[in-house]
Structure formats: structure tokens, C-alpha cells
């Protein structure tokens with residue numbers, strides 16, 4: 001049994017509103033995706049890391065990746081959605097990956113994954129029959145917006161937060177099971193665990209923390225920079 005990692009990086013990050021794709025934006029003078037790659041590369045149990053790019057990506061080759069060759073392989077098979085990108089990558093690595101091998105899917109836009117959280121995920125899920133993901137219990141009070149209002153966005157109801165968790169990545173599932181799940185679920189799945197759930201399976205939740213944030217909006221870049229600065233101090 002081996003562990004492999006996938007970093008889907010074929011999207012544009014439209015909510016960031018930047019001039020370049022989100023995964024290539026600088027965080028502490030390093031492309032965001034490189035931070036995600038580095039933490040995975042530091043984990044010796046991960047046999048190989050596959051970075052999944054759009055076939056039309058023109059920025060990857062603008063950077064110096066010398067020294068990464070033994071750990072990183074680039075796949076230019078990204079699709080129109082995250083689910084399509086991950087499924088295309090799973091198909092591309094099927095010849096080297098046994099159906100029982102573990103695949104960890106990690107967001108390129110999560111540059112602050114702590115080493116110990118990655119290790120915790122591997123330790124707790126390696127013997128699980130389904131797989132699992134990093135996640136954090138929801139702490140804030142949640143409000144559901146009313147669907148039809150003429151006077152601005154209004155609260156329709158408060159959503160009980162008991163039992164609610166915020167999904168993070170990596171999300172870790174066996175190659176065969178994840179391939180089956182994504183093929184059956186279609187292209188609108190926003191994370192891998194959702195596809196696994198549609199098979200009737202229950203992924204394990206492995207508690208993480210707020211350092212492992214996803215950079216989604218411009219203000220998140222400053223926070224990610226501060227977190228990385230403290231982690232690397």
C-alpha cells in the first residue's frame with residue numbers, strides 16, 4: 001500500500017480577482033502552490049506528488065522547479081471543474097497506482113497546512129475502511145439567508161451548528177473507491193468527500209485547525225503570509 005498526493009491546479013481562482021491564477025500568486029515571495037507542494041514533499045510516506053494543470057497553463061514553466069523532479073510529476077489533464085480535474089488525474093495515474101493505494105487530494109490554495117496535521121491524517125486514516133479528511137468543527141453562529149427579499153439580504157433562520165464541520169484538505173481516499181465515486185457523482189462535486197458520501201459511505205473526520213485556511217479572497221493572502229511567517233520562524 002502506497003500514498004500518493006494530487007494537487008488540482010487547473011482553476012483560475014475568479015473570486016480573487018487577480019491578474020494571474022490564484023495558485024501562482026506570491027505568498028512570502030513564493031508561488032502559493034509551492035507552499036502546498038513543500039509540505040507534502042516533507043512527508044516521507046508520500047511516494048509521489050502529482051500537480052494537475054490545465055492543458056493550456058502557461059505559467060508553470062515560468063518558475064524554477066529544479067530539484068523537485070524526484071517527488072513531483074506534472075499532469076496537464078485538468079478539466080473544467082475540480083471533480084473533472086481530479087478524475088482525469090486518477091485515470092492518468094491508474095497504471096502506477098493500485099486501487100487500494102491511498103490518494104491525498106490537497107488544494108493548491110491551502111499553503112499553510114502544518115506538517116503535524118498532515119501526519120495526523122495519515123496516522124488516523126491509513127487503516128480506515130473508507131478514508132477521511134481534515135476538518136474543523138464550526139465555531140461561528142450560522143444564518144441562512146432568505147431566498148426572496150426586496151430589502152437587502154435578510155436572515156431566514158439560524159442553522160444549529162451542533163455536529164457541523166468545515167471541510168479542509170487533504171482528503172484521503174483509496175484510488176479505486178475515489179475513482180468510482182467521482183465517476184458516479186458527476187462534475188458538480190466541490191470536494192472528494194461529497195462524492196464518497198454519495199456512494200453511501202461515511203468518511204472519517206480528522207480534526208484540524210484554522211491555520212490550514214483556504215485562500216479565497218484577496219484579504220486571505222495577508223493572513224496566509226502571517227501564518228506561514230509564524231510557522232517558519
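Using the three backbone atoms N, Cα and C, a Cβ is placed for every residue, glycine included.
Annotation comment: Swiss-Prot describes 15 (among others) as site 'Transition state stabilizer'.
With a 10 A radius on its CB, residue 22 (site 'Transition state stabilizer') counts 22 other CB atoms from all the protein chains. Taken from Swiss-Prot, the feature site 'Transition state stabilizer' covers 22 (among others), and the record attributes it to sequence analysis.
Using a 10 Å Cβ-Cβ cutoff, residue 161 (site 'Positions MEP for the nucleophilic attack') registers 13 neighbours. Annotation comment: Swiss-Prot describes 161 (among others) as site 'Positions MEP for the nucleophilic attack'.
The Cβ of residue 214 (site 'Positions MEP for the nucleophilic attack') has 107, 109, 110, 168, 220 as same-chain neighbours under 8 Å, each 6 or more residues away in sequence. According to Swiss-Prot, the site 'Positions MEP for the nucleophilic attack' annotation covers 214 (among others), on the basis of sequence analysis.
Separation of the C-alpha atoms of residue 22 (site 'Transition state stabilizer') and residue 161 (site 'Positions MEP for the nucleophilic attack'): 31 Å, rounded to the nearest whole number.
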